[in-house]
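Below is one structure, written out as structure tokens, with a few remarks after it.
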Amino acid sequence: MLGFAQLFASRLVKALAILIAIVVMNFFLVHAAPGDPAMVMAGEAGAADEKFVAQLREQFGLNRPLYEQLATYVGKIAQGDLGFSYRQQRPVWSILAERLPATLILTLTAFALALAAGVALGTLAAITVGTWADSAITVVALLAYATPIYWIGLMMSLLFSIQLGWLPAFGYETIGAGYTGLAHAADVAQHLVLPVVTLALFYMAGYARLTRASMLEVRGQDFVKTAKAKGLTPTRVVTRHILRNAILPVITVAGIQAGQLVGGSILIETVFAWPGIGRLAFEAVLQRDYQVLLGIFLVTSVMVILFNILTDILYGLVDPRIQAAR
Amino acid sequence: MTRPLPALPLRFQRAAAAGLLAAVLAIPALSGLTATPVLAQETPVKGGVLNSIVQPEPPTLMLGLNQQGPTQTVAGKIYQSLLTYDQKLNPMPSLAKSWTVSPDGLTYTFKLFENVTWHDGKPFTAKDVVFSTNVFLKEVHPRARAVFSRCESITAPDDYTVVFTLKEAFPAFLQSFEVSSAPMVPAHIYEGTDFRANPANATPIGTGPFKLKEWVKGSHIQLVRNDSYFKPGLPYLDGITFRVIPDAASRSLALESGQVQQTQYSDLEPFEVPRMKTHPNLAFSTKGYEFVAPMSWLEINHRVKPLDDKRFRKAIAYAIDRKFIRDKIWFGLGRIPTGPINSVVKFYDPKVTIYEPNLDKAKALLDEMGLKPDAKGVRATVKIMPMPYGETWTRLGEYLKQALGKVGIAVTLESTDAAGWSQRVANWDYEITTNFLYQYGDPALGVARTYISDNIRKGVLFTNTMGYSNPKVDALFAAGAREVDPAKRQTLYSEVQQILSDDLPVVWLLEMEFPTFLDKRVKNANTTAIGVNDTYEDVWLAAK
């Protein structure tokens, strides 16, 4: 267990170094784009005078040298302060905190659904390889993977909310309904169905294909033959022997994708008017809202790093040989 | 659809009789009476919530600090100015019940309604008007700063009278009290504070018929009726909800399925408009944009050869087919312009040099300049950077590339985003771009700024970024801004329109029209020159 703690600590130290590099690089990256938030706001407002832009630049601190701005920013980050969005006149953390729940509920639900359905379908396809069931699953997965996600979204909303009227087409909740408690949860769940299914379809396709390929590879190995030879039931062979060995690549990919969940999904959030982080990031790019953008980058980076560490731990649990090899 | 009469006539006509501008002012009273067709019998009903779209989501609703289009549509229900304007651009009462102008055009006296309160219950008085125009807006609002710095003094002789004394006559002054041009802000909240950092900006306090109830960022803005609005019985609506829907296709679906009852400005892409027009529940209109009266053009940098030669610019004008642009790219939205002034703006004159599509003329002009086609048929190469304002502008860029190619002008298209575009245009780092500007009802407010040499200012958007300079044009615009006699003003502006249509500093593309779609249940909306940006105090929803 000491080894585990050591591993964890050394990973944390490395993560910290990576994080500092990310903050500095991102800072220069966002400032390298042409234009600045003051110019964007002048453009939006049709403001045609020097004073307007000058006032904004001064208020935003953009008139100071870049290194000074960086120092201020890093200083704030070190104190756990993500900065201030001058465009929205609010602290970045409160803006993110407002958007995070909507994003997490969307991406986590979709992720869980995609992982469960993907692994199940992939397994099913692998054990029925060559039959119609396998072909059907492969075709569906390929279609879901290849079709633009926003198009699927629009078509689903056209069918289920405009034509059939079963589900709301967009938004997070019914505005002005004032639901509380269970009624509120049911309301949000209703709004959640279409975006979650759309997003999950895409990821599910990836997991299904990956699981199928990996299982087919493992299926032919000697230990599977042994397992079968010693008379285990087919179910036990599949779950305990094939799947457990085949699941590692799926965990790798899922780990990477889980880290990106907090980043939201720009396309889904846009099509379904879902008030999440993805759209916030996209708008922040266009508006050159530097601090918001950097804040999102930072939070996403932290999550990616955390999930990478988690994935490593999970490897060890699923496959003890990896732990031993260290 | 009309505004109910009680708000208008009596006091108003008295004001008109008193004022020198009687001729001008009498028109709204008349149009108010004549535009009372069939619907007048319908009795307004109280209640109901109107759903619309706000896109893109504005950074703030404090209209004094931010005049982005979507801010205006939402905040126009919360804030008010002294005047609003009918669709012929004649002033109508808003917070001012009457006004007079001295014969020399130097003194403007406004009488305010006396029972107006701010949303926090404090009374609205002349003190607020003086603070707004003389202090607040002058500090933070670019357009208002330009207008109110023309004032020698702004005073409040009593609680309900405000007197503006100008340094020199500026008849466009009366067009400067539209709600986004001069929103009234509460002195008791802003006086002595850092305006941009005032925490009250998050909870706007206006005088309007609606108050902000809730703004869930990324989702919606909810306005509710102001029960102590100064006009008894108004507003009719219980509230207005603006939904943030970032995807254009989803916005169309929302309108089509009845989830929103109103769309405006650029909510819908032009290619969606023909389909929506056939929707049985929706009424379509392009009215209500007379005050902004946008004009779009090909903006040409005169610092780049051969774009400095007016023959080259004329060749471009002859090479493009603006009817095609209007019909096939804007799907019929817009009017073909003749010159610099939008035909719905005052002092428009159609008697100017007109450029019909004519490839031979274009080629002849290029030949005359000595620009002969090379082996590939190319006479000159230019870079066009379309505005990054959506699909339609990109399509326009592609059309221009083809059209100019036909006369031997090879086009390289450059792409950019809003921030990059602003940066490059403001700093004159472009060859040709597309642009559009609002004209604000008067050439002195919205037209002159594009063409006068005084306004060549590097680093500033929406100025004379082309670098066009003609002393005659400068003199005519300067005289036009000062001239009090409308007939003389017309002469000055007619002459300047003729000169500009021959100099062709830019190639005018389209007098842009925006589509407004309203569910047929929505009554009385979109009746003034600012259409969807007006207060909606008398808008009501008919039963389903």
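Cβ atoms are placed via backbone N, Cα and C, with glycine included.
Nobody curates TrEMBL annotations by hand; they come from automatic prediction.
The transmembrane segment annotation in TrEMBL covers A:12-33, A:104-127, A:139-162, A:192-210, A:246-272, A:292-318. Summarising the annotation, TrEMBL assigns domain 'ABC transmembrane type-1' to A:100-315.
Sequence-distant contacts of the transmembrane segment (A:292-318) (same chain, six or more residues past either end, CB-CB distance under 8 Å): 4, 7-8, 11-12, 15, 18-19, 22-23, 26-27, 30, 73, 77, 82-83, 85, 87-88, 92-93, 95-96, 244, 247-248, 251-252, 254-256, 258-263, 277, 280-281, 284-285. Non-local neighbours of the transmembrane segment (A:139-162) in the same chain are 121, 168-170, 193-195, 197-199, 201-202, 204-206, 208-209, 265, 267-268, 270-272; each lies 6+ residues outside the stretch with a CB under 8 Å from one of its CB atoms. Under 8 Å from some Cβ of the transmembrane segment (A:192-210) lie the Cβ atoms of residues 105-107, 109-111, 113-115, 117-119, 121-122, 125, 137-138, 140-145, 149, 152-153, 156-157, 160-161, 167-169, 249-250, 253-254, 257, 265, 268-269, 271-272, 274, all in the same chain and six or more residues away from its ends. Beyond the ends of the transmembrane segment (A:12-33), by six or more residues, the same chain brings 66, 69-70, 73-74, 77, 285, 288, 290, 293-294, 297-298, 301-302, 305, 309 to within a C-beta distance below 8 angstroms of the stretch.
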